[in-house]
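Q: From Swiss-Prot, for reference:
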type	residues	note
REGION	1-230	region 'Pyrophosphorylase'
BINDING	7-10, Lys21, Gln73, 78-79, 104-106, Gly140, Glu155, Asn170, Asn228, Arg334, Lys352, Tyr367, Asn378	UDP-N-acetyl-alpha-D-glucosamine binding site
BINDING	Asp106, Asn228	Mg(2+) binding site
REGION	231-251	region 'Linker'
REGION	252-457	region 'N-acetyltransferase'
ACT_SITE	His364	active site, proton acceptor
BINDING	Ala381, Asn387, Tyr388, Ser406, Ala424, Arg441	acetyl-CoA binding site
Amino acid sequence: MLNVVILAAGLGKRMQSDLPKVLHTLAGRPMLDHVIGSARQLQPARIIVVVGHGADRVKAAFEGQPGLQFALQQPQHGTGHAVQQAVPQLLEGDGEDDVTLVLYGDVPLVQPATLQNLLQARGRGVAVLTEVLADSTGYGRIVRDAQGQVCRIVEHKDASEAERAIKEVNTGILAAPTARLKDWLGRITNDNAQGEYYLTDVIGLAVGDGVPVGAAQPGASWETLGVNSRVQQAQLERAWQSELARRQLEAGVTLADPARFDVRGTLSCGRDVFIDVGCVFEGTVTLGDGVRVGPHCVLRDVAVQAGARIEAYSHLQQAKVGQEAVVGPYARLRPGADLGERSHVGNFVEIKNSVLQADSKANHLAYIGDADIGARVNVGAGTITCNYDGVNKHRTVIEDDAFIGSDTQLVAPVRVGKGATLGAGTTLTKDAPAGQLTISRARQSTIEGWKRPVKKS
């Protein structure tokens, strides 16, 4: 049985923020959410988040998540004291296979594979996640005995000169038998330079009790990087985005510049996808085979089918784009926009909660809201569906093969029949019959002999 305890009680003073540190985002998600996500991959019986500063806000951010519980650390007296607060909620069976894994809410990128390796490294005892650093200043040092076995961890402030020369450091992440961990937590003291209860002291207690202590290392150095300041947050953001870019490149995606690419959610790409510079992908985004995304586009919760093109500076949110459709440049698809195959949505066109079926086009300067547009429809420049009467929204229906002239207003609810034509400048307030020309503008006239006024001297 596996328990996971995540320490998330810290103030984060150096963040200079009223927001609890673990709620600051990395790749569009709270740091704590990354840790919980990795923990869930291990299928634990219980996840316990130890909260302190901003406890109510942290709880509210994750309220209702299954298998998630909270323990309060108030005041904060160190990492050992933090885990002590979770002890009453730890699930325990009958043997050494009952394990508690301790993670940190401000070390957001530790990967499930690394945690699996750590659990395997403990055997029937304890395991710590360690790393070798060129500059180990500030970290707890891993002290090994003559046989190379981990015998204790000493914090930097309590370390001797010889111990400070050690390059192998403690990441803070460990796994231990639950029953023994409870016992060791009851035996640690605050007799140290900080006057705190260190979780690391359980290693010395384990060795004293004859319990073997193993060690594992992360798959990548960025996995154990913590965040204590805005600078570190920005550095870790770039490290993670670089990793996400590498994964896309290895999967066959072409990135014009991997250093100018941001994923703040999940991006799934088919074959031969091209992504230009400065693009941001949020939520869940799917790009089909051969999709091309132009520079500086933002896609949030979007599905783009094969062969489609998203041109420069377009913003798409909760939208669907059909095969070989073209969007942009400078287009905006709002929630509920659904473009059929080979449809075109051009510059300065906004579409919201509307369907544009195959081969239809709205190439310039239009607003299409709450509309159902059939196939092979041409929507002229300056067209507006007037969908809101000040209280309620109404739908516009434009059937197949209709032609909507420029500068037309369609006052919903209204229907344009199949093959109908609306003359430029029409304000449509009644249904337009199929196959007919409907026009509402005044008849053009010329005033003979009219002259412009002359400016008086």
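A Cβ is built for glycine as well, from the same backbone N, Cα and C atoms used for every other residue.
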Q: Same chain, outside the region 'Linker' (231-251) by at least 6, Cβ under 8 Å from its Cβ: which residues?
A: 15, 24, 26-27, 108-109, 220, 222, 225, 258-259, 261-263, 267, 269, 275
Q: When you tally the Cβ atoms that lie within 10 Å of each candidate's Cβ, which of the binding-site residues (Asp106, Glu155) has the highest tally?
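A: Within the set of binding-site residues, the most crowded position is Asp106.
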Q: I'd like to confirm something. Which of the binding-site residues, Gly10, Gly78, Asn387, Arg441, has a Cα closest to the Cα of Asp106 (Mg(2+) binding site)?
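A: Checking each of Gly10, Gly78, Asn387, Arg441 against Asp106 (Mg(2+) binding site), the shortest Cα distance is to Gly10.
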Q: With Arg334 (UDP-N-acetyl-alpha-D-glucosamine binding site) as the reference Cα, tell me which of the binding-site residues Asn228, Tyr388, Arg441 is the closest one.
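A: Given the candidates Asn228, Tyr388, Arg441, the nearest one is Tyr388.
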Q: What average pLDDT is reported by the model for the region 'Linker' (231-251)?
A: 98
Q: Over all pairs within Ala381, Asn387, Tyr388, Ser406, Ala424, Arg441, the annotated acetyl-CoA binders, what is the largest Cα to Cα distance, rounded to whole Å?
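A: So the maximum pairwise Cα distance among the acetyl-CoA binders is 22 Å.
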Q: Counting distance between Cα atoms, which of the recorded positions Gly10, Gly78, His364 is nearest Ala381 (acetyl-CoA binding site)?
A: His364
Q: For a quick check of understanding: among the binding-site residues Asn228, Asn378, Asn387, Ser406, which residue's Cβ has the most other Cβ atoms within 10 Å?
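A: Selected residue: Asn387.
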Q: Suppose we draw a 10 Å sphere around the Cβ of Tyr388 (acetyl-CoA binding site). How many other Cβ atoms does it contain, all chains included?
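A: Tyr388 (acetyl-CoA binding site) is surrounded by 12 other Cβ atoms within 10 Å.
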Q: Minimum Cβ neighbour count within 10 Å among the recorded positions Arg334, His364, Arg441: which residue?
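A: Each of the recorded positions Arg334, His364, Arg441 was scored by Cβ atoms within 10 Å; lowest is Arg441.
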Q: DSSP-wise, what's the residue breakdown of the region 'Linker' (231-251) into helix, strand and coil?
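A: In the region 'Linker' (231-251), the DSSP-based counts are 20 helix, 0 strand, 1 coil.
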Q: Given a 10 Å Cβ-Cβ cut-off, pick out the one of the binding-site residues Gly10, Gly105 that has the most other Cβ atoms nearby.
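A: In terms of Cβ crowding, the pick is Gly105.
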Q: To see if you understand the setup: which same-chain residues, six or more apart in sequence, place their Cβ under 8 Å from that of Leu7 (UDP-N-acetyl-alpha-D-glucosamine binding site)?
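A: Val50, Thr79, Ala82, Val83, Val102, Leu103, Tyr104, Gly105 - these are the non-local Cβ neighbours of Leu7 (UDP-N-acetyl-alpha-D-glucosamine binding site), listed in sequence order.
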Q: Of all the binding-site residues given, Ala381, Ala424, which residue's CB has the most CB neighbours within 10 A?
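A: The largest 10 Å Cβ neighbour count belongs to Ala381.
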